[in-house]
Amino acid sequence: MVLKGLVLLLCVTVVGLAIVGYHPLPEGIGEPHKVQFIVGVSKIFRAFSRLKAYLGYGDRQSNILLLRDSPKTTVPESAAYGALKVTRAEIAGVPVIVYQPKDESTLHPAIVFFHGGGWVLGSPDTYDKTVYLYAVQTRTVVVSVGYRLAPEHPFPAPIQDCLDVTRFVLKHGSEYNIDVSKVGVVGDSAGGNLAAAVALKLTTEKSDLPPLRFQVLHYPALQAFDMRLPSYVDLNESVPILTSNLMGVFYAFYMGLDPQNLTYYSTVINENRHIPPHVRKSAFGEFVNVKHLPAQYQTAHETIPDLSAQYDQHVYEQIKHIITDPLFSPLMALDLAGVPPAFVHVCEFDVLRDDGFLYARRLQNAGVKVHLHFGKGGYHGDISSRMWIVDLHPKSGQVALAGAYAFIDSVLKQ
Ligand SMILES: *[C@@H]1O[C@H](CO)[C@@H](O)[C@H](O)[C@H]1NC(C)=O
Ligand SMILES: *[C@@H]1O[C@H](CO)[C@@H](O)[C@H](O)[C@H]1NC(C)=O
């Protein structure tokens, strides 16, 4: 009787979770079963966080912080895999994990890696497997940076940490067997934003450091100026791993807006009411002009109300110095000439798709060598799905990674 009861309870739970977690995926997505699993987990989390907020424990948006992992000091998991020497270290006061080829008789090229997670989540440990593979496949030393996170440490703390570590690697790389003339940056999502910002800053500042050789940007976030680009509208909830609203939450945290009033601020940002009309019409507005997108993506298929005329002066006052700062938003840089060759990975099903398209095009127009990788069937996070409980290497992510490895190889040979 008890057993029967338990089996029944288990069945009800499984069916219940399946109903809560089910999400119709867009046609054309690669390997829908794998994606359905990840989306299911994230939808169940969202349902849980809605319930928690309903019961009076915190607001729904801040619950995203529950997904943080605790800082680790133990030996990184991948140290046991054997092909590389994997160690924790502190560089310029920032915790890092360093992945080194075992052959110490020669100097190696290097990658400074910035993980994703909306400047709020993630750590070198959550990316351990992804970065380990990156190091093996590119035969480089990889320094994976545990930069400080918002909301405790909003902009510019995270980017400052990334800059400090990169400058150190370019200056003292030989301590890690690094050939400092062959260093590049790689990042995904928020990490792609940080990688682009580091590449830009080190290009424009005067210093005697060797130049970075490449930047690899996997589905980067590059601007918060227009939160209603066609990809934000059309792909909003198509693969709800990263939704438009969640991006607004991440930006509100990263901008340093009062986390106690997060729902208010993220709503203003999501509704595009954080910037006054005259600023929208300025030169910066041209950088997000949909005319620069591929023809088939210039108009959103969905229609949502345009609320940008009802802008919120109070919010704008707090963010006006950040929103067009190239360190915050590389797409807002007035000049991109001279930045290192770029691999820009854009996913077909990603709210950040258009950020990547716009940046790749601007780089190209500035005379920068660009490889635009369009991840057909791909979705946000597809290079690092290894960080989930179950290893789910989606093919779109593997293809993008293979492209990035080949790109790094080719620029280092020049
Ligand atoms: C995304 O979907 C949510 C929920 O349906 C909605 O509130 C929001 O306005 C949408 N955002 C965009 C940019 O379409
Ligand atoms: C959030 O900020 C807005 C704008 O300053 C203000 O009107 C509102 O009262 C604030 N809400 C809370 C809960 O602090």
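Any Cβ shown, glycine's included, is placed from N, Cα and C.
The annotation active site is assigned in TrEMBL to S189 (among others). Neighbour list (S189 (active site), Cβ cut-off 8 Å, at least 6 residues apart, same chain): G116, G117, G118, H218, Y219, P220, A221, L242, L352, H380, G381.
Annotation for D350 (active site): same-chain Cβ neighbours under 8 Å, separated by at least 6 residues, are Y219, S231, L235, V239, L242, G378, Y379, H380. Following the DSSP three-state reduction, the secondary structure of D350 (active site) is coil. The active site annotation in TrEMBL covers D350 (among others).
DSSP gives H380 (active site) a coil state; it is part of no helix or strand. The annotation active site is assigned in TrEMBL to H380 (among others).
Feature annotation from TrEMBL assigns domain 'Alpha/beta hydrolase fold-3' to 111-260 (among others).
Under the heading domain 'Alpha/beta hydrolase fold-3', TrEMBL lists 308-381 (among others).
Residues or ranges marked as signal peptide by TrEMBL: 1-18.
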Query = Including all protein chains displayed, how many Cβ atoms other than that of H380 (active site) lie within 10 Å of its Cβ?
reply = 25
Note = Counted with DSSP (H/G/I as helix, E/B as strand, rest coil), the domain 'Alpha/beta hydrolase fold-3' (111-260) has 65 helix, 24 strand, 61 coil
